[in-house]
Structures are given as structure tokens and as C-alpha cells.
Amino acid sequence: MMMGFAVSDELLGTVAPIVVYWLYSGIYVALSSLESYRLHSKVEEEEKNLVSKSSVVKGVLVQQVVQAVVAILLFTVTGSDAEADKAQQFSFLVLARQFVTAMIVLDTWQYFMHRYMHQNKFLYKHIHSQHHRLIVPYAYGALYNHPVEGLLLDTIGGALSFLVSGMSPRTSIFFFSFATIKTVDDHCGLWLPGNLFHMVFKNNSAYHDIHHQLYGTKYNFSQPFFVMWDRILGTYMPYSLEKREDGGFEARPTKEFKDD
């Protein structure tokens, strides 16, 4: 006799984004040899980055453990949403509203926290500079942060977007998996033809690559979805995407910004 095995929405909401992170990163690792679509060459990646890939993996795993613990606590405190799911009929419009609300909340939280970590010299030196050891970003380095930064920016930001939007644990499975894919894509270091994220969002791998360069650290703080706060508050750095002579692409800021 076969025994049923039920997996709760809360468990999936905790585990799915972590699994999605490594699966989607793995796709970009497989594509990283495509020099004609890279924003930096492999040589630049090896020479400019200030941290080993093994250290990056360890750092990401630490953050994901913290992320999982906070998610479990959050679901425990808010309680099971099973009864609410039965009582409430979710329409597409309700789900769309929750997604958009969560996206705006997450973007707002991350913009101001991210910008403050650049402006506060102590926080930048001791915490945020760890992420900027990756001058040439790559996919699975997206969540390579100091544990304190991971908690403040990503984990607490995610919890706020969950609570403010009013989404259920089941909806959160899809939202946080989507947010994870978007974050990985922004750090992938590739500009691939037909990438839907590049078509829909101005905040993309080229946009975020600018921020990782020395001349861009005061600009392009927005992540992971929109660029509205950069535009509103004057931290938007315009750029053009140019073909490199040795193959691939380069995100080049306008001259007046690069000389700033």
C-alpha cells in the first residue's frame, strides 16, 4: 500500500528559493564559456575578483541557512494559511496585486539599505565591501554577502514584502522563487539574446554590472526589479551596451559619469 507524502506550503516556501538559486545558477555556469555574450572576459573574472569561488559558495550557503531559519520562524508566527486559503477565493488580480506590492516593498527596502551601506563608511568597510569583492559578478555569487547584510537586506526585506503584501505561504513559493531567479540573472555577467528579463526590466545584468565597477559604486543601487528609486533620487547612471573588440559586451557609462 502506497503511503501519501504531503509537503506543506511553508516547507516549500522555505526550500524552493534555495533549490531554484542553485539550479538557475547552474544554467549560467554552463553558459559562462560563451565569451561572445559575456560582459567581462574569463581573464578579467580571474584577475579582478578578490575572493575564491569556494569562499563564495560557503558564504552563500551560510546566508541560505539564515534565510531558511527566518522563513520557518516567520511561517510559524504568522500561522498556517490553510484555513485562509479555503475561505478566500484568490483571483488573478489579487495575486497580481500581491506580487506588485511585494516587488515594490522589496525594492524600496533594498534600495535604501543598500545605499546606506555605501554611505556609512563603517558598514561599507566591515560588511558591504564583502559583496564588492566580486568586481566581475557571476550567477552563484548573487547572494555572496556578509551574514549581517544578508539578514538586513535580503532576509528582512523578504519578510517585509511577505507581510505587507498579505500573500499566503503558497503564493510566496512562486514570488520568492521568481525574486531569486531575478537576482541571479542580475549577477550572471552575461547578455544573452532573447532574455526576457532584459526586455522587461531596465534593472538587469548590465545595469547592475555598472554598480560593481569602481566608477559605479555611487550609482545604480536599485535591486532587484525596478530602477525607480535611482531615477527619483539622482543615483541613476545611464550607460550604453557596446561590443568589445575581444568579443562579448561591455556596459559603458556616459562619459560625464565615468569622469565624475
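Including glycine, each Cβ sits where the backbone N, Cα and C put it.
According to Swiss-Prot, the features are:
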- 11-31: transmembrane segment (TRANSMEM)
- 55-75: transmembrane segment (TRANSMEM)
- 92-112: transmembrane segment (TRANSMEM)
- 99-235: domain 'Fatty acid hydroxylase' (DOMAIN)
- 114-118: motif 'Histidine box-1' (MOTIF)
- 128-132: motif 'Histidine box-2' (MOTIF)
- 207-213: motif 'Histidine box-3' (MOTIF)
Report, as numbers and ranges, which residues of the same chain sit near the transmembrane segment (55-75): CB under 8 Å and 6 or more residues beyond its ends.
10, 13-15, 17-18, 21, 130, 134, 140-145, 147, 150-151, 154-156, 158-159, 162-163, 169
If we skip the immediate neighbours and take only residues 6+ beyond the ends of the transmembrane segment (11-31), which ones have a Cβ under 8 Å from one of its Cβ atoms?
37, 60, 64, 67-68, 71-72, 75, 138-140, 142-143, 169-170, 172-173, 176-177, 179-181, 184-185, 188-190, 192
Excluding the flanking five residues on each side, which residues at least 6 beyond the ends of the motif 'Histidine box-3' (207-213) place their CB within less than 8 Å of a CB in that stretch?
39-40, 132, 134-137, 186-187, 189, 219-221, 223, 227, 237, 239, 251, 253
